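First comes the structure, then the notes that go with it.
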Amino acid sequence: MSVQKTELKRNSIGLLQGTFQSLGQVAPAADIAILLVASFSISGAQTVLSVIIGWIIYALWMVTPFELSKFKSNAGSYYAYAAGATEDGAMGPITALSFMYYDVTGAAFGILGLSSFIFLMYPAITSIPYIWILFAGLFTAFIVTVTYLGIRPSLNYTAIAGLMEILFLLIGSIIIIIRVGSGNSLIPFEVTGKYSLGFSSIMFASVFSILDFTGSGVVTTVSEEIEKPKKNIGKSIVFAMILTAIALIPSAYALTVGWGISNIGSFASHPDAGLTVFYRYLGPVGLILLIVFTLNSYLSNGVSKATAVSRWWYSAARDNIVFPSKLGEINKKYHSPANAVITWAVFSFILDVIVGLIFGPLNAAFVLEAGTGISIIIVHILANTSLTFYTRRINKFSILKHGIAPTAATIIGAIVIYFTAYNIIHKYVLNPTGINTAYFASFIFTIIWVLGGGISITLHYIKKKPEVLREAGEFNLR
């Protein structure tokens, strides 16, 4: 029997909290500390170009949740969209499995990223064995606690802190660009040339740049709790995408010219390049503010991610898809999916500690995030397909918005995966170092999990539980 009502608390949040639910997971200041470092290591002086490409790709992908949110309000987000796209629900399980992989590996951004950032600030503590595990544990405990206590206090926190963070990054970047003076250049926007590492490198770096913007659509996971969901979800997505562009594109360029284009090769290998640039041009005050906002950015990201994960896991468990029904239970006092958030946090923490012990927290974060990028692209490809099928199913199909746009987004996503695979395999074959081998293993495992696991579990539901599959993703808040 399909679910008739939500146990989540309706009308708990408004447009502002919805916007910063998305922006909190984007975590702009934390992106500067870790993900942009990964992009600089791959595309060098053209990092800002990879960021722009990543934003354009992700903006195109946001057409899908923007459009689907007009028709369906379900905390299951991309899972629910996919499951409800067809009458047999066949796309639900593989989307859930891909989305789950993204959630568990993507937690490394906060759990391991925060530890890595603290190490950059206080190198002396790296001599204390396994101290990063303590930081990771405290971070995990914080986000679980805040999320457990309910959606309104957690998103009020991310909204206030997020707005201040955006303003600081924008103003700081403008000051850096002005003070660089004659060091400003068009070279960061050139695909070829003396300082270019090639188009494939720019596209591979765009995977990490896509991760810079990943989260802009997770406001769909609070569809059962936001006021006027069929209007405010779409608005939140648009506002979040605009704010992320304002925060990250100028910052990427400012870091490039602030470091020096001719010296850009040393950016990624420097222990605290982003902090160095801000200190060089904004002084001690700028440095301290960047540190404060980066620490807060990790915390906001964790809270936003925990909020999103717990909601859609709750929805899938409510449908008896992939997750046990126990995760579909709601805490009666705080109206939060407590079982779901605790389960996700425990599994993510264990995975991050294991990989962190092998590679160290920073490299472990990069390795896991590579799989995260590929899995979320696959989730978006499945969601794009869902938009076309679902709008046809409900007789709302528009050739431009529901046919051409999602198809173009899917093709671009496939191209990004191709260049990513090429780059990873090429580096592994030519230079099978420990880190290149880890990237390769992460890529292979991601494909096996998403495709092998996804197809297998879908066939299981089709053969053994077709009635469960038919009801999956059907809930729609009126």
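Cβ atoms are placed via backbone N, Cα and C, with glycine included.
What TrEMBL says about a protein is an automatic prediction, not a curated fact.
Quick look at what TrEMBL annotates:
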type     : residues : note
DOMAIN   : 19-469   : domain 'Amino acid permease/ SLC12A'
TRANSMEM : 32-61    : transmembrane segment
TRANSMEM : 101-125  : transmembrane segment
TRANSMEM : 131-151  : transmembrane segment
TRANSMEM : 163-182  : transmembrane segment
TRANSMEM : 202-224  : transmembrane segment
TRANSMEM : 236-261  : transmembrane segment
TRANSMEM : 281-299  : transmembrane segment
TRANSMEM : 341-359  : transmembrane segment
TRANSMEM : 365-383  : transmembrane segment
TRANSMEM : 404-425  : transmembrane segment
TRANSMEM : 437-462  : transmembrane segment
The transmembrane segment (404-425): which same-chain residues, six or more beyond its ends, come within Cβ distance under 8 Å?
42, 57, 60-61, 63-64, 199-201, 203-204, 206-207, 210, 370, 373-374, 377-378, 380-381, 384-385, 387-388, 436, 439-440, 443
Chain residues in Cβ proximity to the transmembrane segment (163-182) (below 8 Å; excluding those fewer than six residues from its ends, i.e. six or more beyond):
20, 23, 28-29, 32, 243, 246-248, 250-251, 253-255, 257-258, 277-278, 281-282, 286, 289-290, 293, 296-297, 300
Six or more residues beyond either end and a Cβ under 8 Å away: which residues meet both conditions relative to the transmembrane segment (236-261)?
15, 18-23, 26, 28, 31-32, 36, 39-40, 45, 47-48, 51-52, 55, 58-59, 62, 65-66, 69, 165-166, 169-170, 172-174, 176-177, 180, 183-185, 187-188, 195, 212-213, 215-217, 219, 226, 267, 273-274, 276-277, 280-281
Against the transmembrane segment (365-383), which of these stretches has the most C-beta pairs under 8 Å: 32-61, 202-224, 281-299?
202-224
Within the same chain, where does the transmembrane segment (341-359) have neighbours whose Cβ lies under 8 angstroms from its own Cβ atoms, ignoring anything closer than 6 residues to its ends? I mean 6 or more beyond.
103-105, 107-108, 111-112, 115, 132-133, 136-137, 140, 143-144, 147-148, 306, 309-310, 313, 327, 367-368, 434-435, 438
